[in-house]
Structure formats: structure tokens, C-alpha cells
Amino acid sequence: MLFIFSVEKGTMLTFEMDFAYQSVDNLKGAIAQTQSIPIEKQVLLISGGECLSNTRAVASYGAGTDTNPIFLFNKALYIDVQSPNSPEAGRHQFSNPHAERQENLILQRLNAYCDIGDASMTTIKMRTQLAQELMELSAQEAKLCRQKVHEQHLQQQAWSAVIANLEDAIAAFQKRAAKFVDMFEAFTQRQSEFQIVLDNFPEDNKILARVPLLPGLTLSSQQNSSGSTEASSAEEGPATLLEYVLRSNPSSSLVALADSCRKGLAQMNGELLEEIRKKVNELVDKTSQRTFKYIGGLEDRLSGLEELMRKADGLVAEQEPICQHFLIMQAKASKLKDSDRQSVIANICQAQPDELRRMHQEYIHLKDITRRCSVAKEELCKNLRYRLHYITHVEGNISEQSTNLAVYEKRIASLIKGLSKMEQIHIAPQIYVKSVAEVIRRKRFSTQFLKWAGSLSTHCKEVYRSELAKRRAYREQTRSHFVRALFSGLDDVPPPYATTTPTAFDDRLPPVELADVERLRQAMPANLAGLLEMSISLPSLSLMDVDNASHSASDISSKKTVESDAASHQEVRAFEMPTTTSLADPGYVTDNSNNVVMELSVEKAAAAPDSDVGTREQKICTDVLHCEDVRTKLCVLVSELRTMVGGFAEDTTALAHELTRWTGELQSDASEVAAVMAEIVQRAQSKEKSLEERLEIEQHKLKDAQAEIDIYYDQLRQMKEFVDHSKNEMKLMQDDYESRLTKLQLEHELEMESVGTRHAQRVLELDVRVEELQEKNRKLQVAHDEQAAQLWKATADCDDRLARLREEFAERELSMRENLERQHKNELESLRCRYKLTASVMSTSSGTLGSDAGSSYSPPLGGPGEVASPPGSSASPSSEIENRWRLREMELQEKIRQLERTLQERSNDPPAASACAAASAGPSGATDMDTSCTSAFTSSQFMADSQYRVMAESTSGAVLGSSSSGPLVESTVVRLATSSPSGGTASAIELIEQLRGKEAELLRIQMRIVATCGTGSLPSLSSDRLSILSCVHGDLVLVAYDENRESYMIFMLSSLPYFLHKDSLGELGLSTDPEQWPKRWIIGEVVDKEHCEARRAVNRYKLAVGTRFYRVRVRPWDRKGAVRREQERRQMLKAMTAAAQGGAAAGSAPAGSAPAGGGGAATRTGANAPEVVSNAPSGAASPVASPATSI
């Protein structure tokens, strides 16, 4: 279950666990349905103050158990703090008619039961019942008290969760407020800048109106924009920069934007910030009030309630032995003999009223404790409701202030955005002029750079290709020479450097020329025109010097007039000159680096011999590149040195300022230290004086304390003397007590000896009685085992005999079927022939059928005695057969009624009684049962034999015997064909049909007899038989009431007793109340059993300590199920019987459809004939056989 605690009501709500796996929104919907709280008014918190989000799953919070529930708050209750209390507040405070009636009834019964003067067993039972009711009511009150205290603990946890949630909310609010204050302060710091921008707006607007917009810029922007259309391109472009600004955002006005910025800047001032800070601080102060956040005295109150709860539990514990004493006295009084019962009952009745009144007083005390807990809970609910109303108000203020801060943040952000636009408008002319100048500068630079880079790449490419050709030629000359192995690394090739011309750049710049710049300079104000002149300057050509140096080196490399030693001398001189000058002036190194490169190249070129021109050119190029690297490094070093010198100068200046500042601070600190030292000395002197005065006071106090100590010593001496005197008196009293105690111990020992003697005698008597009972029980057990063995043996013999009879019956039935089929075929053929002859005779003499038939058949009859019989006399055999059948039928019906009565008596008897009777009957019982089964089976066989004999006689009477003369059979057939259905043959057929019905009824009774005798071929009934040897799950047992133990026991042949579990009494509809006459026995089905041992001397089963027994759980016996199983068994028997009869009648089925032609009467006769013929041989051939033999 999912537990949710309603804080206002103080009650626990439970929901299905399925809601734990759903969202919080679904849970709130269920709460709204059950508690009528709107979803928007619900607040769900967990321990720690976290609020449940509607989209998350409930199980993700790890709450909702009985010890850690989810706390539910109803915000609708805090709209009006003076609304009435919750309905849960104190059930004792308001009038409860039911509780008042119950209390009045208990009080009336108490007075009535206590005032009863008649000391009887009924009085004891009534008082015991009242004591039990008081005990139950006290337990209920204690439980209610515990529930109230627990609910108040949960309310305390809920309040802690509310405080935690409030602290989290105020922390988040403070964080947001601090962020807003920082944002506002940053805005305030730039407020002066924004004000200057707004003040210069009119002048900026005029400047924008004067600044012309170059036509090349508009054309370039239109070509770059992808959204331009033909209509917009046809319009005339803006003439000034102001028109361009206005066209870029036609929906807004610059004047309106400036006005809104001025208003916003005027509103967002320091006063607004101070007001916001004040509100935030007030709100924080409201939430930090400790007197409201923490309920004073709540811990002490809960501790007091815990003490009351323990006291209530103690009162219930005191009532339990009293109630148990009532039960023990009732049981003791019920077991006493009539002679001793009256005196004991009188003593019991005399002591019971005081105990009942004591229990009632404790119950009243418990009700008062519960009332106090309810009142405490009501007060806590009121207090919590008032505080929650305040918390709701504070959180509402927090939400309101958070909304205000969000609004202010949005306004400041919007204002900053507008001011940034105004700032852009302010600097728009400068940016415009700088951008135009930057375009001109970039165009010049890109032109010169591409020219220089093209020449450099051409030269580098020629040098690179030349070097590759020389290396390739050398490699071809020395490809296979062995000397080449001495020189490693000759296969390397130089990497390509600056061999490709760079691609063109800055080709997308707007088409601004110098003429546009001149026109712009004339239209611009003086200050902006000067900015334009300062921005447009020639690009630095320092990078281009490398190109000149390269060309110079290439030109000089062609000169070959300088000697090698002079070249060496010139190299040394050339390197010394820049070194010496670089120490004096770094700028000299930078300015003359190209000269150094050129001198080195000239000198090296002059020093090279004329014989190896290619080598010298290669070396010159290498030197040129090396010198270029040296020059680059020198430039970097010079710039770094300049940066370091500048930084050093700045650091020195800063250190000087810091030193001056530190000197001033040290002087001020020294003066402060001197002042502090003087103040410390003064304080020390005053402290010393005060300490001296205090020392004098303490000395006076010490003298007074010594005087008091002397007084205390005198008092202590007096107290010691008093204690010694008290000890002497205590010793005398102890001696007196010991003498009395010794006397009482002697008397007690004498009394205990006498009691022990009587107890020993009683124990001996009981031991003898127990031994006699055990011996008797053993003999009964032995006799029972012998009888059971004989019964099982007799049953086995009966089963063997039944099996042999079934086998004999099966063999006889098989042989009888074969004979019947053979005879049936023969008789059927003869009947067909005779039928055809009769049909032909009837067709020739249809007009005079009666007279012709008599004359044509009279000669062969052989005399009047055999033939001459009137039409009415043809029914005489049928009448005789009918009379004989009726007599037999009456006998069979009488036997059937007797068998039905026997079966009804056996079915009415309970299974346990029949089982016990069978078990106790011994050999005689088994013999009687065997005899009854045998006689029933014999009678059923006799009935079947008689039935078949009657069938044979009726059949022979109907056709007048198959062995008679032909004319007689023919006349019979003629009569059957021409007579009415009310003739003798029809009567015989009707009797056969009735016989078949009786046969089916007899078969049903015979099946019941077989089932009663317990044949092995029928379904078992073990599941519906009582068990007296085992007690496991599913067994049927007999539950009987034991008056001595006043409990229900299970009838079992075991050494351990089996008692019925008290939880099964209600399910079985039983009661152990002495006032109600309990049921003596009942049948049940075993569910479970427990092995127990008696631990206490007084127990409900009245067993001795240490006695082992079983407690059995029993459920009611499924009588309908047993009846259903019996019906299924009978249906099975019927199916088996039908199968047997169907097999017997299978051979005669086609006979009815054998004749293919003839009239209607002949056809009906042919259809009935096989039934008569098929049953006739059956009775004649096997008079003993019965339909039951097919089973």
C-alpha cells in the first residue's frame, strides 16, 4: 500500500501500490476523488522538504511507506484561518451517542452483575463475559491512544518538512535577489556612460544626417543580400547614414527609443535598488523567526504523551491477569463436583465484584488518557493550521517578490538592449569613417603584397628548381661510385619554400576609391575628417625589403671579382660593425640589417673562385636565407628588449609609487600602534586596580566561608550522632523482624510438608489411574488393530470373490451372445419365409380373409383341441403371462424398496460413524457386511434371472413357441398382421417394454449395491472417507467437542492430542461459549497443523506444562462436492451399463429394416419381431445371466 499522511486532519490515507509506479499527477487525481481536495490546492512533500513534481514518478522519491509517508497539505484550508476545525479533532470532546450508550450499558451491567446475590455458575459466566468485554474495550482504547500519539509524531515530521521546504525556498530567493542586485549595481556603474550617450543623441542625429552614404557601399550590400527583390532594387538608395539606419529598422523611431531609454534610466536608480533590498531583507527576517519556525514545548508534550501511552499499556497489562483469573475461576468451578462446587462458587462470587469495579476504573482511566491524547492532537492541529497559514502567506510573498525581481530583470535587460542601440548610434560615424579607411588601406596592402609575393615566389621557384637540377646531376655522376658510401645524406632534397603564388584576397571589398574618400572628407566634420586622414596611410614596406634583398643578392651573385682572403677580412669587419653598434643603439641593427645581408652576399660572391660558379651561387643563396633568419631573429630580440625596457621602466615607476604608499602607511600604522599601546597601558592600569579591589572582596568572602564551614562541621557531628542512634534502633527492629521471620518460616515449612504429603498421595493415585487407563487403552488398541486386520482381510476376500464372479459372468455372457446370435439368425430366416408366404396368401384373398384363413388352415391343425379357439381366446396366453409378470413385478418392487431403504440408511449415516462402526465391529462386522453384500448381489441376480424368465415366457407366449407346428405360427403371424394394437401380442410387447424399464432400474440399484460393497472396478471413495490414522492436508476428519477441556478436538488414534485451531471456529460455525449448547461433532477438511507445547500452567486447552499437542486448521467439508462426485460415479456406471447393453443389442439392430416391401402392417410387424425373438433365447439359454455381468 502507498501511505499518504493528511497533515491538517492528522490521519493516514492508503492507496493502491499501482500509484507508486505512476506520475504524481495521477496520484493527485486519486486524492481529489477520494478526499474532495482540488488538484491545484494539493501540496505533497516528503521528509527533507522536497516538493513532488507532477511529471515525475512517485516511486522515484523513495517515500510512501508507513514509517516514511508522503505529507499532504490542503491549501484551501488556509484561505480563512478562522474556519472550523477538522472533523478528526477529538472524538471524546464531541457527543457520540453510540459511545455514550455503550458506556451506560457497561455501567448498568456492572452494577447489575455486582449486585447479584445468587452465587451460581451463571453469575460467574456473566461476570467473566463482562470482564472480557472490559478487557477488549481497554485494549481498543490503548490502541487508539497509540494511534493518536503516532499521528502527532507524523505531524511533527510534516512540520519539519515544511520548515525545510521554506528554508530551501528562501535560499533560492536570496540567491536570485543577490544575482539581481549584482546586475543592478553593474547597470548603475554604467549609468553615467549611458546618460552621456543619451545627452549626445541630438548631435549624433545631426552628424548622421550630414554623413553621406557612399554609392559603392549600397551596391555592395545589395549584391550581398539574398533577400533583395526587383522592386527594392529599383528604389533609390539612402543618401545619408541616418536614412540607412532608419531604413534598416523602419518600425522603430530613434527619438522614441531615446525617450524610452531616458525614462527607464530615470526609473532604475539607487532608490529602487534600496527599496528592493529592504523588501528582500524584511522577507528574510520573517522567515528567520525562530519562535515561529520551531514550536515551543512540542518535544516536551510528545514526551508526556509517550509517558501516557506507556501508562495506558501498563493498565492494559494489569487487566490481562485479572481477566485470565476470571477465566481460570470459571473453568475451575465448572470442573468441581456438586458437593464442593457451592462453597467454591460462593467464595469466587464474593471476590469478583471488587475486581470488576477495579477493571472498570482502569477502563475509565484509559478513556481519560485517550481523551487527553485527542485534545492534545486537536490543539496541535490548530497550532499547525495557524502556522501553516503564516507559512503560506510568507511563501506567497516570496513568490510575489520573485515575480517582481523577474520583471525588474526583464526591464533592465530591455533597457540595456535599447541603450546599447543608442551607444551604437553614437559611435556609428566613427565606425563608418574607420571602416572606409580600412577598406582603402586593405586594398593598397593586398595589391603590394600580391606583387611582392609573386616576385618572391617566382625567384624561389627558380632557385628551388636549380638546386634540384644540380643535385640530380651530381647523383647521376656519382651513382655507382664506391666513394659515395663515405658521404651520407647526399640523397636529401630541399623542401619547397614560397614556390607558389598566393591566391588573391580582399576581392570582395566594396568599390571605394580615393575620390569617394575625398568627397567623404569634405562632407564630414573636422574631427571625423582628421580621423579619416590618420587612418589612411601607406602600409609598412619592411616585409618588402626581403624582396629587394633577394634581388640584390641575385644581382651581386653574378659578380666574380673579389678574392677569398679579402672576403674573409670583410666578413669579420662586416659582422663586427653591427655588433658594436647594436650595443649602443638597437634601432641601428634593425635599420641596417639589409645592408649587412647585402655586404655579406657581395663579399662572399667576390671571394668565390671563378671556376665554380654554380657552387658559389648555391652558397650565396644559402647565406642569404641564413642572413634573413638572423635578421628576423634580431628584429624579434630587439622588440623583446624594447618591451622589457618599457616594462622595467613601468615596474620601477610602480615600485616607487608603492614605496611611497608603503612609507605613508607605515607611518600611519606606527602612530596607530603608539596610540593603541597607550590605550592598552591605561586599560591595564585600570584593570589592575579593579583586580586589587576584587581581591579584597574575595578575601572577606573567604573569611565568611571558613566561618560557615565551622558551622557545617558542628551540624555534621550532630547528624552523625543521630545516625548512630538510628542504627541502634534499626538493629533492634531487625532482630525482632528476624525472630518473627524464623517463626513464620517454621510454620510455613510444617504447612508445606503437610501439603506435600497430600500432593504426593494424590499424585500416586493419579499415576495408578493413568497406568490403568494406559493399559486399557493399549488393550483397546490391540483389539482395534486385530479387528481392522480382520476387516481388511474380509474386504480382500470379498474383492477376490467379486473378481472371480465377474470373470465367470464375462465368459458366460460371451458364450450366451454367440448362441443368441446363431439362434437369432436361424429364427429370423424362418420368420422371413413365413412372412412372405402369409403376405402372398393375404394378397389373393383380401375380400374374405377371416373365413378363408380358417378353412385353409383348419386341416393341418390336427383337431379342435389344438386349433379351434375363438378370437377372444387368442389373448389367453398373454393374460396368463401378464398375471405371472405382475406377480413377479410386485416381488421385484418389494425387493427394490428394501434395497433402497438399506442404501438410504447407509447414506444418511455420517462417514465417521460408519467408519467407526466398521472399525469397532471386528470380525463380526466384516462378516455382516460381507453377508449383506453377498445377499444383495444374489438377490439382484435372482431378480435378473426372474426378469429374463418372464421375458422368455412372454416371448414364447407371444409367438406360441418357435418349436410349435407351422400352421399355428402362421395363424399367429396372420393375427399379428391383421389384429388391432390392443391384441395379445401388443400386450406382450408392452410387457417387454415395461420389463426393460424395470431392468434399467434394477441395474441402477445393483450398481449402488456394488458401490456399497466397495468393488475395485468402481471409482474410489477414499477422498470422502474419514481419516483416523493420519491428519494431513486434504484429509476428512471428525471434529468432536470435549467437555472436560471445553474445546473441540480431532478424533485421531494417536498418542498426542489434536485440538482445533481457534481461527477455524468461526469458519466452521462452532462456538465454545458455555452459555450456548455447542455442537457435538462436525466433519471438516484439514488445511494445516502446528506442533505445539504447553508453556504456561494455565492455558486454554487445560494441559500440563510440557505437554506436546497439535493445533489443526480445518475448513468445512464440501458436501456438495462429495454429492457431485457421487453423481459422476453413477453416471460412469450408467455409461458402462449402456455400453454393455449396446453391445448385446448390436446384433439385432439391422433386423428391423430387413423387409424391403410390403404394406404398413407387415412392416410394423417385422420391426417388432426381432425384439421379441432376440430376448426369448436370452432367458432360455442363460436363466442365471444378468445385465450386470457386463460391468
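Note: Cβ is positioned from N, Cα and C throughout, glycine not excepted.
Within the set 40-87, 424-471, 1144-1191, the record from TrEMBL flags 1144-1191 under the feature region 'Disordered'. Of all ranges given (91-118, 259-286, 903-930, 1071-1098), TrEMBL attaches the label region 'Disordered' to 903-930. When the domain 'Ubiquitin-like' (22-62) is classified with DSSP, helix, strand and coil residues number 19 helix, 7 strand, 15 coil. Across the residues of the domain 'Ubiquitin-like' (22-62), the predicted structure has a mean pLDDT of 89.
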